[in-house]
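All remarks here apply to the structure that follows.
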């Protein structure tokens, strides 16, 4: 099904709307490719969505089939640890690609919702610095995406070169000479890097703009503490405030549905990947490749934990800022609506893995500490 992404703004001057439009076109194209949403496959909507997840699953199986050979007694510790790290990474990629393909339509809806925020007259009527928030968000988002792309490109190529140099085969590729197997391994690692980069980019876009929209909403609530705003308004638009609050909570719930599986897979795979890489660092402290690997692994996990922390802290602020408003100068009807909003904000929104473990900076610290501890245990046994 074709998705309407709007018309290009005719204003030649660079604006958020123009920049966001180009970003949206790129994201929609990526989603269309990875979910195989083409006219020739419209008769098989569900089966077409499973094409790329099947490719990711085949990569994971190929790594799994190679594990018995990689873990043989005559193999080096570096080879064994590396194969286990890539095996965990393959597990993570399968869940990420599957989630993106199955929820491509919901991701498109969220991206469109971000673009509609600027066009909403409610924020402008309150005098909220909407353009500043959105421009700053888009600026830092682009810088972060470029940095992530560079990191994955450098790390992926260093890993491929290191595996070739030390004669480490990660994937099971039958009926080919050893030289061609390493060539196939390079392309498989490249495909894995692309899959991870796409999922991380989508996570960054959703995370950056959700935090920006919640900040805009918090600035709008702060207007209720200004005596001039209360007195100048014939009627405080509390109903609109409530609608916006409910809308944000619904979109956050949609986000949780999209990334619940990804968060669980991220938490389950980041721990063994971090343990394995820390172990390699202890064995080979002079190898630069392992520093880039641990930076990429922890940075990837840190991003989702920071995202969860920001969402939690921003939604937690809603209650306190509502309480500090000039509610006593409002009409009784508006006071009742404000109380409803406060009741909805008592429990801040939390991203959770497996519906149990909160994804925040404390989780990142705990996983990192556990990785260090388990790594020390393995090194003592070595």
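In case you wondered, yes, glycine gets a Cβ from its N, Cα and C as well.
Per TrEMBL, transmembrane segment is recorded for 50-72 (among others).
If you look up TrEMBL, you'll see 84-104 (among others) marked as transmembrane segment.
Feature annotation from TrEMBL assigns transmembrane segment to 143-165 (among others).
Summarising the annotation, TrEMBL assigns transmembrane segment to 185-218 (among others).
The transmembrane segment feature in TrEMBL is assigned to 258-282 (among others).
Long-range neighbours of the transmembrane segment (288-308) within the same chain, counting only residues 6 or more positions beyond its ends whose Cβ lies under 8 Å from a Cβ of the stretch, are 85, 151-152, 154-155, 158-159, 162, 196, 200, 203-204, 207, 211, 262-263, 266-267, 270, 273-274, 277-278, 280-281, 350-351, 358-361, 363-364, 367-368. The transmembrane segment annotation in TrEMBL covers 288-308 (among others).
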Spatial neighbours of the transmembrane segment (185-218) far in sequence, C-beta under 8 Å, 6+ residues away: 23, 27, 30, 34, 52, 55-56, 59, 62, 86, 89-90, 92-93, 96-97, 99-100, 107, 110-111, 114, 117, 123, 128, 130, 133-134, 136-137, 140-141, 144-145, 148-149, 152-153, 155-156, 159-160, 163-164, 169-171, 173, 244-245, 248, 251-252, 255, 259, 262, 300, 303-304, 307, 310-311, 314-315, 317-318, 321
For the transmembrane segment (258-282), sequence-distant contacts whose Cβ falls under 8 Å of one of its Cβ atoms, 6 or more beyond its ends: 77-78, 81-82, 84-85, 88-89, 91-92, 94-96, 98-99, 103, 106-107, 110, 199, 203, 206, 290-291, 293-294, 297-298, 300-301, 304, 351-355, 357, 359, 363, 367-368, 370-372, 374-375, 378-379
Cβ-Cβ under 8 Å with the transmembrane segment (143-165): same-chain residues at least 6 beyond its ends: 82, 182, 185-186, 189-190, 192-193, 196-197, 200-201, 204, 208, 287-289, 292-293, 295-296, 299
